[in-house]
């Protein structure tokens, strides 16, 4: 049986792995070694200079000249009055004059070596007077200089691209004082999460709010890449927390480095880092975010070097070596991972004028279109070497979810001109409705999972995003079924609200069953946890935007209060291990997506519709808003990626 640390939490989120201080046992020894090395270096330089003075200074009694064996030196003739004979426009200096000149040269060199020797001796004495901490600080300063120089070399200027018409960046203040108060409460929760990360986890990927220290999982490799900073930027911006935004921008400018020997999840780094950096760029116009996004994208491209062009799940940012998760159906790539690159990669081509990103994701689409699909369903696993499906497991939750989301959003982001993506979405949704969507005995609509010809009557928290997806895709659906899909979205939202309402904490479990008399309730202990996930609130927000039914704001406020009551701790916000327990224990992780998604969707739920209107913005699967690329944009029509 695979251990929980290796199992995927979802197609969107991959498994956490604690890396404590014990993972770095040689840290102190390394510092001591560096200091000894510096001292040895100084002494060796001193000894070298001494030997140089003895053995390499020219001796005038043995070496009269430094003329490379030439008896006379030819010099272009300028003046014949200086003791030389004129010969065809050149001067030939006599030997006596030459010897005098070289004696002066010898003396000059001797003086220079003596001065360098004395200077090195003084520097060595000064070094020996310094403490270990001072020497270490100097070493770090030199390292930082080297890093900054490398960054300057990497920061190649990108072609100027006018921003699309950006609407609704600083709007959304509700007139209703009650709604405004709720929105301000969400903003205060965001500030609490950020301030504690700033104090206890700064530069680390995530925060352990109870232990009050940094945290990371294996999806980010072994590097401190500041995932929470990048993920939270656009939320800070739209909430008007501009001082905090500038703090994050400064850290990114000075510290975010992708030339690290670290193996990362291509999918997670794409949706969190590239998506977060692009959104921050579009909202603020700050060039550093665009430059960093393009630098990182270049590091991900080697993951596509497979026989089929389907990317590996993991790639080493330094070596470019890729691989897949060991548990994923005999080394397969995962549908939700290689199918959730389109939005970000299209924007990369748009901003750089380089079609390579666009071509990578379109190649994936073309390959999928050619393949047979059992019952019209896309299995979750595809082998990147053979181009064949892995085990026939289909899910709109973990491992599959955001693939379907990105088909719809590719169409929306293209100003509804990418009809190929819309057709793929419509075909997929029809197959899902036919084979996966059912009603429980109690009348709850749910989306099950297809496993080897059998429907498992279980729904994950991650699947709850689909209610919002159905509502978002209702307009433009086939056969004038907009009303049908809006209703389907409402039914999914209701089911997911029930999964929250039927717990002790009023927070939803990771997965819940619909077997017999058990409905919308988790059965297994390892499915009873809540890790600050956003998907249910995401659906509430979309349903609110399309219906303005006040129950969605009420449900969102219930969730806000539950998070505040049971997940808030003095050092931030933590997930809980059992939503059915009146005395829950904490998992002690403040996920980066809590700041990127959960709090953002709650803030938008209590804002007016003119904040990031859906006609102008499309949210990636990490809730990072990217602008619709209208065909009226000259940059789009003139961009080689779209010709």
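Glycine residues also receive a Cβ, built from the backbone N, Cα and C atoms like all the rest.
The transmembrane segment annotation in TrEMBL covers 37-57. The region 'Disordered' annotation in TrEMBL covers 148-178. What TrEMBL records for 268, 510 is active site, proton donor. Annotation source TrEMBL lists active site at 401, 535. The feature disulfide bond is assigned by TrEMBL to 464-496. What TrEMBL lists as Ca(2+) binding site is 621.
Note on proximity: among 268, 401, 510, 535, 621, the recorded positions of the record, the Cα nearest residue 464 (disulfide bond) is that of 535. Between the CA atoms of residue 401 (active site) and residue 621 (Ca(2+) binding site) there is a gap of 9 Å, rounded to the nearest whole number. When the alpha carbons of residue 496 (disulfide bond) and residue 268 (active site, proton donor) are compared, the span between them is 25 angstrom.
Cβ neighbour count within 10 Å across all protein chains ranks 401 highest among the active-site residues 268, 401, 510, 535. The CA atom of residue 268 (active site, proton donor) is located 10 Å away from the CA atom of residue 621 (Ca(2+) binding site).
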